[in-house]
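Quick look at what TrEMBL lists:
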TRANSMEM  32-55  transmembrane segment
TRANSMEM  75-94  transmembrane segment
TRANSMEM  101-118  transmembrane segment
TRANSMEM  130-147  transmembrane segment
TRANSMEM  168-191  transmembrane segment
TRANSMEM  211-234  transmembrane segment
TRANSMEM  255-280  transmembrane segment
TRANSMEM  300-318  transmembrane segment
TRANSMEM  339-356  transmembrane segment
TRANSMEM  368-394  transmembrane segment
TRANSMEM  469-487  transmembrane segment
Amino acid sequence: MIDTPTTRHEIEKPADDSTWHKPNLKGDWCNLFLLTLLYTMQGIPFGLSVGLPIIFQSKNIVTYDDQGSISYVLWPYAIRLLWAPIVDSFYVRWIGRRKSWFIPLQYLIAALLLYFAYNTDEWLPESGKPNLKMIVCLLLVINLLNTTQDIAVDSWALTMLKKNNVSYASTCNCIGIAIGMFIGSVCPILLSSEQFCNRYLRLTPGTGGIISIKNIIFLWGVVFLLITTLVTIFKKEKDTRLEDVKINIFQNYKLIWSLLKLSSMRVFLIAVLTSTIGYSTMDTVANLKLIDAGISKDDIMLMSTAMSIFRIFLPLPLAKYTGGPKPLSLYLKCTPIRLLWSVPYVLLIYYTPFLIKNNGVVNVPIYYYFILGFIFAIHELLSDIMIITHLSFFIKISDPRFGGTYLTLLGTARNLSWVIPNTVILKMVDILTFNKCSNDDHGSCSTTDLQNICSTKQGHNCVTILDGYYIEAAICMVIGFVWYAIFKSHYKILQSKNHSHWIVDVKRPISVYL
């Protein structure tokens, strides 16, 4: 497509459709399934990026500073707004506005997964430190491609479904991402674990898991190739609602600026950008601290498996709340509960070594699993409900004429609210942790050199006086309640505004297609 600025005219705002229409899924079931499948494919690379740090932590081969560096692979999800207008502006018309991006991106992701599988044995050895540089670089590129594909699919979701069913796009997103994250994080950890496979999957004990991480990644690469080919052949993109609105890349960037000039949008984006700070310590470090305390990665992944299954079906009963005119009301109800729920989680982590260890030997009692499972389940349930309600409101206020850019602006704010605290908290854990050399009141272990000096003294070792995790948890909780006090009333006002309040006018050149 070539855009030539000949004459300009105003694109009028769409008619005010603030009247809420009851969803009717008749005729949309196939589209719902396809959207869920596309979001599942997005969740697999994300899940792999989340699962590998747990594998590294269980082997005690990386520091929390290393974990902070690994978290950079998730940053593309937080900066995708920079290239979202490009995705909305450039495409091949006969292929389709979204398929023009979806097809090549998916093939590239598949190729990189196959390349990762080919080098897995070298980059991720059974013993010794992994090649973090290569793993981080490759996952960073894969996630760059994945976020670009996400822009196209989010925009496609606004027009693939009927207008009165668009709110179900958030349901497809949450179900698909949950399935993809399960496949990408839980499956490689459990199926490659000798201990898990011998305990639950084998009749007689064997060596290694039933399938290696290398073979799992290779299988994903092949599946990506097959699904992309099938979508390319059989799914025809039809987008009649957007045919009258064609704007070039510069106007897409101007659209972002126009959205940011809306006072309500600025308030909402500030609220979203700061919304997850209160829970970020629990979301980021809790599982790693449980592993440090002696809980195996297999047990944590078993809990994640149960929650993944629950997470897949959770959006369905929530649809009647998130699909209504005021989805943020549920978000506000969950906020103080989730903040307070950090207290039992922190206490459990603190007492875990005393509950599961006897004379230095780990022996996890049955009652501990019930306590951990209950606390973990409530924490994840509240988290998922709040994510779904945010996504539902994003879709509710988005302009389908510029879906990719509009949704990406909102999604970027949401991702930044998680990615930045995630990296900062991981980097700060060791800095805020206070250690000393045992049997030496004046011996410090604040640096690697001092730790080595302490370890050379007979009968001495570094002991933790105060774990930085608890300092971060307290600070984040206070910030969370301050956020709630400030933005509670703003959320109630914002969700009461009709759809036309979130729409902007744009000027465009007449487009010429070749």
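Every residue, even glycine, has its Cβ placed from backbone N, Cα and C.
Curation plays no part in TrEMBL annotations; they are all automatic predictions.
The structure displayed is predicted, hence computed values, not measured ones.
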Select the range from 32-55, 75-94, 101-118, 255-280, 300-318 that forms the most Cβ-Cβ pairs under 8 Å with the transmembrane segment (168-191).
32-55
Can you work out whether the transmembrane segment (469-487) touches the transmembrane segment (211-234), with the criterion being 3+ CB pairs under 8 Å where the paired residues are 6 or more apart along the chain?
no
Using a Cβ cut-off of under 8 Å, list the residues of the same chain at least 6 residues beyond the transmembrane segment (339-356) that approach it.
278-279, 281-282, 286, 289-290, 293-295, 362-365, 368, 371-372, 375, 378-379, 382, 469-470, 473, 476-477, 480-481, 484
Counting only residues 6 or more past its boundaries, what in the same chain has a CB within less than 8 Å of a CB in the transmembrane segment (101-118)?
38, 41, 45, 87, 91, 95, 138, 141-142, 145-146, 148-149, 151-153, 156, 214-215, 217-218, 220-222, 224-225, 227-228, 231-232
With the cut-off at Cβ under 8 Å and a gap of six or more residues from its ends, the chain residues touching the transmembrane segment (300-318) are 54, 170-171, 174-175, 178-179, 181-182, 185-186, 189-190, 196, 287, 290-291, 330, 372-373, 376-377, 380-381, 384-385, 388-389
